[in-house]
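**Student:** My structure is below; once you've seen it, I'll send some questions.
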């Protein structure tokens, strides 16, 4: 039951952060490309790499994993929004933007998980 509370707490923080980052990115760059979703997915992937690597090299409590890994990062990142925004770009005829969105999200997110892990592993 305690872990559920940690997931809920982290999730509420992550959801609010995602919302705020999306608003900021729209204000900075407009809404013609889903930069907000890309940003939260890339940042979330980086921190997920850190959380995973910390769990490999030291003891990370189940509560911290629930709070940060499942809750905060789970709510911060969003595959469903990425998928919906990509489909909307396609439906609007922006095939190149949709392809760029897919390539950037997938490649940058995988790279950022790796980078986060390497940051931790290089310090052990």
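Yeah, the Cβs are placed from backbone N, Cα and C, and that goes for glycine too.
Annotation comment: Swiss-Prot describes 74, 77 as Na(+) binding site. Among the features that Swiss-Prot reports, transmembrane segment is placed at 4-24, 35-55, 62-82, 95-115, with the record citing sequence analysis.
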**Student:** With Cβ-Cβ distances below 8 Å as the criterion, list the same-chain residues six or more beyond the ends of the transmembrane segment (4-24) that contact it, or say none.
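**Tutor:** Sequence-remote neighbours of the transmembrane segment (4-24) are 36-37, 39-40, 44, 63-64, 66-68, 70-78.
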**Student:** Give the sequence-ordered list of residues that share a chain with residue 74 (Na(+) binding site), lie 6 or more positions from it, and have CB atoms under 8 Å from its CB.
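**Tutor:** Listed in sequence order: 7, 10, 11, 14.
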**Student:** Can you count the other CB atoms that lie within 10 A of the CB of residue 77 (Na(+) binding site)?
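**Tutor:** For residue 77 (Na(+) binding site), the 10 Å Cβ neighbour count is 22.
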